[in-house]
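Engineer: Shown below is the structure under consideration.
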């Protein structure tokens, strides 16, 4: 039985994580960390009587858990993960806000403490598998374009997943230019260009979060598509992380790297 | 029984038109116009003994046909269509190369001679219906983007069909801007912009000619897609034109306008 | 200014209808009908002080509205619509539960009273346009199959929209059999058959409600797809109905018939 | 420089294979086997003067090639592959017609002779990658359905690729039933069933050969699609096989197993 602490257990994602852990047969929720959470709110947040409640990091009992699930806030995540590693609780981190330097430091520390862990910008299995498969297919199909489609309220383009996918493809794709002599009669119609990989961002109301990777070769095409309808989808990836994190020897970035 | 003359009967499209007319029960091929075509090539080009062969325009017998199908060359098409109208043969024109002024003149002339006719940049029924439906849907869904996908050898972008679709949508779409405050972190990623309608062109080997129109509204999406795999598809539109052209009172531009 | 009464204003759909009417410049909410609704709940249900509240049908003041929007329950809808027509309030009905005989009676009555109206099984504009376009395309493409995809909890198959689409196509499609000599090595793999139109139902978790109509012809394909992500989509159709219902001369079944 | 013999060099696929080998820098065509092929047809079949032409199997010089590419006929393939293995020419086989017993025998023989080789029912990389990815995704998404779409002349359903995909998924997918209580109001609408995996076959003119694998999970979906437009696509897989076959230690079935 793996023991789990959830930091940020009262947030939107944290509550989903509590529900997930409560539903799994081989995992036990032993503690939560959440500022302001009081014992009389146990029922509201679906916390069994056995679950210890901590309001501050320095209260957390070492050894209370094997795994530290973190869905907190950018200001807290570095200190939390640091603490988890030092106390041999394998971190599973969905909180954003760590910069490259902090990630490097935490990886170094995880090696020193021989503590596995996972930091995942995206826990949605469909997005993670899309990225993994796209990277693999690009070895055989160097001609590739990406189309991502999101709701009209999304303010930035391209999406993080689309850009991450392009970067992964770029690592393995042979140098290649698809159509050097092309002429565009409408500016920008060929989309954004990441090292020769075209990216197209669509923004429409009704849409939620969708990404397609299109590969073409002589006489054939391969398309990988993922649709995220609901953040509930993140829990499938957290489940995979809970399964595998204790087998890791150090902190890993990206769920696709532990599949 | 409608009598048909095919100008350009030995070209790639002309040969398909001959095969189409030969296969239809209510249409008869009475003549062809084709430079250099000789009587001993009848069998090669599937022309029955009754079909008259003309090598030059000024040889054509007035009254030899009710309908003039034209799949010739840009240099010939204006003179041909002019001739057809003056001799009361309803033109069905797939040849490109007429400019706006010439089209206007020919329409004027067709009214004067009370001769119906059709000039169609695209005879593929799937593309024509896509444009028609897109124009209709845009009345209810002002948020719309277009994605067209073609083989990597296509040198220009966007495709003619994509641009025509945007123009049709623009005629009916309420003034509208989908996402004014958006920030792009990769140049050009939001695609080309035709009066607020975004167009995205994808170029990949393997692909042939495909277009999607994506509409989004609160809680829903509508997508219309057409795929052209083969120029054989043009004949479905020629068939519709042969059915309807004699009912027209003047020269019409665009197959979608006679459906 | 069109005056509107909403029956069922406290239900899920009724509340959305109130929000819609409150947002439109040329429509005024003058009354609601809702059992148990009391004046102190005005704010909760976004009802202005000027809106009259009726708890029972026989309390409704004749002339209080031009349009009767009905999102009530199967047991109430026939009596409600009957009452609306008799008092010259044009019904816009999203409630299910009317049988064919009742619909016929209400149409007859609407003619007698010269009262327009609309009964719509589906107010989602994307679904309604899909059905309209599919019916139109089938005239040119007799080869057609339907794929509908829904969440895994949907207990019946095919979906109502898919079957309605097949029925509309069947009205106009030439008699046609696509592939009479085919051999299936796995039972049922070719899907359901409605008068020669194949229907395929997909059931998967994550999916919401989606339908595709696929047309094929020589060398080309046309696909119409709609996605319903959220019942919010129904309000786009209610808006169209509010725009057009007062121009109708009798009760019409199906939003597609007033576009 | 790898030396290659092509058996069936004058057939449709064989000619494409010759063109492929002629275009690759690290592979040399040293011989062909083709009944009735004569020296004066060299130019017609793009065979360099150095290429040896054999009309019968027993004429083939041992050691003339490192790799034996076979695009012949069902009646010849077993004897050919047997011969290739015995003479240490690694077979790359696209010919159909070997039964399970013959495959097992040839694998046994290949081990004995320590000769690598590949038998591939499908050399299209998009189809092969689709199968590989589908098998991998099914570990995380047990809810899956397959839709394959082919031209209307295809006489059998489901397609071989669809059935192979289902079999691969079945090897790894946890036991699972998506929607046990469902009610169908139109017979067969839920498609074919392979061990709980639904398969839907669409047959329409215009279409060529397409397959989709649809995965659904809580709040998300993953779709893998491949389109085969032209048999030219097979050559991408033959190229991969030529690259890798000499590294194999025995005869392998399925291109996906050497990626």
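Using the three backbone atoms N, Cα and C, a Cβ is placed for every residue, glycine included.
The active site, proton donor/acceptor annotation in TrEMBL covers D:150. The active site, proton donor feature in TrEMBL is assigned to D:154. The annotation NAD(+) binding site is assigned in TrEMBL to D:8, D:9, D:10, D:11, D:12, D:13, D:94, D:95, D:96, D:120, D:121, D:122, D:123. Residues or ranges marked as NADP(+) binding site by TrEMBL: D:42. Sequence annotations record features per position, and here TrEMBL assigns (S)-2,3,4,5-tetrahydrodipicolinate binding site to D:151, D:160, D:161. Annotation comment: TrEMBL describes D:3-123 as domain 'Dihydrodipicolinate reductase N-terminal'. The feature domain 'Dihydrodipicolinate reductase C-terminal' is assigned by TrEMBL to D:127-259.
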Engineer: Restricting to the same chain and to sequence separations of six or more, state which residues have a Cβ under 8 Å from that of residue D:121 (NAD(+) binding site).
Structural biologist: D:96, D:160, D:164, D:254
Engineer: For the binding-site residues listed here, D:10, D:161, which shows the highest count of neighbouring CB atoms within 10 A?
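Structural biologist: Most Cβ neighbours within 10 Å: D:161.
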Engineer: Among all the protein chains here, how many other CB atoms are within 10 A of the CB of residue D:151 ((S)-2,3,4,5-tetrahydrodipicolinate binding site)?
Structural biologist: 16
Engineer: Give the residue from the recorded positions D:42, D:150, D:154 that has the most other Cβ atoms within 10 Å of its Cβ, counting over every protein chain displayed.
Structural biologist: D:150
Engineer: Compare the Cα of residue D:42 (NADP(+) binding site) against each of the binding-site residues D:10, D:94, D:123, D:161 and report the nearest.
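Structural biologist: Closest by Cα distance to residue D:42 (NADP(+) binding site) among the binding-site residues D:10, D:94, D:123, D:161: D:10.
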Engineer: If you count the C-beta atoms lying within 10 Å of each candidate's C-beta, which of the binding-site residues D:94, D:160 ends up with the smallest number?
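Structural biologist: Looking at the binding-site residues D:94, D:160, the Cβ with the fewest others within 10 Å is that of D:160.
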Engineer: Which residue counts does DSSP give the domain 'Dihydrodipicolinate reductase C-terminal' (D:127-259) for helix, strand and coil?
Structural biologist: 45 helix, 42 strand, 46 coil
Engineer: With helix taken as DSSP H, G or I, strand as E or B and everything else coil, how many residues of the domain 'Dihydrodipicolinate reductase N-terminal' (D:3-123) land in each class?
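Structural biologist: Once the DSSP states are binned, the domain 'Dihydrodipicolinate reductase N-terminal' (D:3-123) shows 44 helix, 26 strand, 51 coil.
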Engineer: Neighbourhood of the (S)-2,3,4,5-tetrahydrodipicolinate site (D:151, D:160, D:161): other residues with Cβ within 8 Å of the Cβ centroid, in order?
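Structural biologist: For the (S)-2,3,4,5-tetrahydrodipicolinate site, the extra neighbours are D:148, D:150, D:154, D:159, D:162, D:209, D:211, D:228.
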Engineer: Using a 10 Å cut-off, grab the number of neighbouring Cβ atoms around the Cβ of residue D:123 (NAD(+) binding site), all chains included.
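Structural biologist: Other Cβ atoms within 10 Å of residue D:123 (NAD(+) binding site): 25.
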Engineer: Taking only the Cα atoms, work out how far residue D:8 (NAD(+) binding site) lies from the residue listed as 'active site, proton donor', in Å, as a whole number.
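Structural biologist: Approximately 25 Å lies between the Cα of residue D:8 (NAD(+) binding site) and that of the residue listed as 'active site, proton donor'.
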